[in-house]
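Structure record follows, encoded as C-alpha cells.
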Amino acid sequence: MEMPQNPRGENTLISTQPFVFSSVSPSVENGFDINSPGTKERCHTPLSNGTVLSNTNSPLDSCMQPLCNVTSGKSSPCSEEVKYVSAEGENISCGWGAFAPDCLQFFNTPKGILFFLCMASFLQGMTVNGFINTIITSIERRYDLHSYQSGLIASSYDIAACVCLTFVSYFGGTGHKPRWLGLGVLVMGLGSFLFALPQFTTGHYEVNFSEEFGTCGSSQNVSCTEGTSSLSNYMFVFMLGQFLHGIGATPLYTLGVTYLDENVKSNYSPVYIAIFYTAAILGPAAGYLTGGALLNIYTEIDRPTELTTENPLWVGAWWIGFLGAGASAFLISIPILGYPRQLPGSQRYVVMRVSETHQLKNGSQKTASDPDFGKTVKDLPLSIWLLLRNPTFILLCLAGATEATLIAGMSTFGPKFLESQFSLSASEAATLFGYLVVPAGGGGTFLGGFFVNKFKLRCSGIIKFCLFCTLISLFAVFIFFMHCPNMPVAGVTLKYNGSILPEGSIQLLASCNEKCGCLREIYSPVCGTDNVMYYSPCHAGCSTVSILPKGGKKVYRNCSCIPQHFPYRLGHATAGKCTSSCQRKSLLLVFVFVVILFTFLSSIPALTATLRCVSDRQRSFALGIQWIVVRTLGGIPGPIAFGWVIDKACLLWQNQCGDQGSCYIYQNSAMSHYILIAGIVYKVLGIIFFGSACLLYKPPRGSPDSAVASPPSSSSASENTTDLQEHGSALQTQNSV
C-alpha cells in the first residue's frame, strides 16, 4: 500500500519503503467492538498526511506501541498490524558499534535519553552558571586580575557559543544528533579540566598577615607597582577553558531539544523539554552551594594557614569543582554517544505530526520539506532566508532576547541587589538569591511546559500564554518603586558627629582618626555599637582586636570615633556590616519571586512556539539562529547593561593606588529605581514582540488555529483527537520488507 500524498508538503515520512501489514486475530480490543461502524470510522480517520491516528497514554510512556490495534476478518488497513521500516535501513539499537547488548535496550527510550540529557544540562548549569560566578572573586585575587578581565572570562562562553551555533545547528540538525551531543559533553569536560590547570602550574599561594593589620596605629602600606603580575597571563587559559565550555554546550540546547521533540508525541514535547530545562536551572543552584562550600577550604589544601575566611586575602579551593565537573562530563558522554539517530518507534510521531509552520505568501516554506534540503552548504543561504522571512520566528527571537537580558542581568547582579538592600554579606546574599531562583525559576520552567501539555495549546495559544505571563511580570516589576533605606556609613552618608553628609561628598577622615594613618585602599567594614558602619577598624579609631571564643568573630576595641556608652570607656565594633532592620524585606522578596516565576514560566512555551512555527527540517537550525540572537542581543549585553545601570547608583568607589576600582557602597533608592526603569523597558518590549507575533502568525490552511475550515477527511488531524486507548502488541521496526 502506498502512502497518500501530503497536501501541505510538510512532515512527510521520509522513506521509500512501503508499509507492511500482517493479520492479527482478536476481534475485540480495549473494551469495544472493532467491527462496529464507529470503530472502523475512527480507525480510518486520516491525518493531514494520510496516516492513521495514534496515541500514548502519558508523556513518559514507551514509544513502542502500535498505530491502530484493531482487527477484522476483512482485509483492510485497520485490520492489519502496522510495521515501519527505518529510513535507509539504519540500526536503531542502543550501543557502541557492534556492541549493543539487550540489557542496554532498556534505556533506548525517550525517558532514557531524557535522563542523560538532564544530567548533562545540570552539569553545564552547575559549572558555567554556578562555579564560574562563585569563584570569580577568588581567581581575581589569586591571579591578579582586574574586573574587566574577569568579565571577559565570563563572556568567553557566550562568544564561543555564538561562533559555533550556526555550524553546529545546521550540520548537526541533519546529522547524527546523539554523536554531536556526546562529543559536545566531552569537549565541555575538557574545558573544565583546562580551567583548573593554573592551580597546578603556579607556585603556592603565600600571604604574610598579622591580626593587627588595619587597626589604628598599625604599620599599613600598600605597594603600588606599574604593570601587572605575570600571573595575570593565566587569563588566557581561563578564557580558553570557557571557550571549550561554550563549544561543548552548543549542541546541548539546540540538537538536544530537537532530538527530544522528534522522538516524542508533539503534545508531550513541552513536558520533556521543560524537565530538560528545569535540570539546567537547578544546576546553578547546586553550583552556588557546592562552590560556596569549597571556598571555605583553603586553596592550598596541603598547607596550613593563619588566614580566616573573613579575611580579604583568603582564597578558597576554587579548582576542586572543575575537576569533578570534568570527570563527570566524560562519564555522561559515554551513554549519550551510544544512542541511535532516532529512537525505536519515533517514525510514528513523524507521520502523525500536524504542521503548524508559519505560512509565507508564496508558499516557499514548502522548500524546507524536501528530504534533501539542508544537507549541503549551498542550502545554508536559502535556509537563513526562509527563517528571516518568517515574522513569527523573528519576533519570538526578539522577545526571547528581551527576556534573556533581564535573566542574565538579574542572575549576575541579583545577589548584589539583595546584598545592598538588606545589608548582607556576599555569601548570605548568594544563598538567599539561590532560595528564590530554585523554586521560582525551576518551578516556572517546569510549569510552563506542563500548562502547554495540560491545555493542549497550539502555536497561537502558546504565544498568547507567553504574552499573559509577560504582562503579569510587568506589573510585579513595579515593586522596585520600594527600597530599603541605606545603613548609615560614617564619612559616606553622615559625618562623624552624626549630621547628614551631602550626597557625593566623601569625608572618611576626622579628628578622631587623623593620627591613625588610615589608608583608603584598605576596605574592611565594621559595625559600631552605635549601629553605624565604618569604612575600616582604622577609620573607627580602633586600636586593639580580639577574637570571641564562640564563632571566632573579631571584636575591635578602644575605638575613638565610636561614641562612649560608659564614662571613661571607648566604644567597640564587630567585623562585618551592620544588620538591616528593613520592614519591607518580605514584600520585596515576594514580588521578586513573582517576577522570576512568570519570567521563567514563559520560557518553555516560547521555545515550543519557535519549534512549531518553522519547518521540521529547520528546527535545529532555527534554534541555533535563535540562540545567536538571544545571546548577541540579550545574554552578552545584558550583564553589561545592568552593570552600567547599577554603577550609576554607586556612592563609594574602591581606590586602587589612585585608580577607580569596584563599588563598595550603593545608594539603595537609586539602585531600585534604575532596575525598575530597565525592567519596564524590557518587559514592554517583550509584550510588543509577543503581541506582534500573535497577530502576524499565519497557521497552515485547515489547522485548528486557522480561520479556514478543514475538509472532513482531515478534520481530525489535531492531536487532541488522537487519544485512542491502545494496549496491544508493540510497534516493531525492521530494516527491510
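Yeah, the Cβs are placed from backbone N, Cα and C, and that goes for glycine too.
Since the structure is predicted, the reported quantities are computational estimates derived from the model, not experimental observations.
Database features, via TrEMBL:
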TRANSMEM  113-132  transmembrane segment
DOMAIN    113-701  domain 'Major facilitator superfamily (MFS) profile'
TRANSMEM  152-173  transmembrane segment
TRANSMEM  180-200  transmembrane segment
TRANSMEM  236-260  transmembrane segment
TRANSMEM  272-298  transmembrane segment
TRANSMEM  318-339  transmembrane segment
TRANSMEM  393-413  transmembrane segment
TRANSMEM  433-453  transmembrane segment
TRANSMEM  465-483  transmembrane segment
DOMAIN    506-563  domain 'Kazal-like'
TRANSMEM  587-609  transmembrane segment
TRANSMEM  621-646  transmembrane segment
TRANSMEM  674-697  transmembrane segment
REGION    701-737  region 'Disordered'
COMPBIAS  703-718  compositional bias 'Low complexity'
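Counted over residue pairs separated by six or more positions, the transmembrane segment (113-132) shares fewer than 3 Cβ pairs under 8 angstroms with the transmembrane segment (465-483), which leaves the two as not touching.
A contact links the transmembrane segment (180-200) to the transmembrane segment (318-339), because at least 3 Cβ pairs that are 6 or more residues apart lie under 8 A. Most Cβ pairs within less than 8 Å of the transmembrane segment (433-453), among stretches 272-298, 318-339, 393-413, 621-646, belong to 272-298. Put simply, of 152-173, 393-413, 587-609, 621-646, 674-697, the stretch with the most CB pairs closer than 8 A to the transmembrane segment (236-260) is 152-173. Of the candidate ranges 152-173, 587-609, 674-697, 152-173 contributes the most Cβ pairs within a distance under 8 Å of the transmembrane segment (621-646). Of the ranges 152-173, 587-609, 674-697, the one with the most Cβ pairs under 8 Å to the transmembrane segment (393-413) is 674-697. Counting residue by residue with DSSP, the domain 'Kazal-like' (506-563) contains 0 helix, 15 strand, 43 coil.
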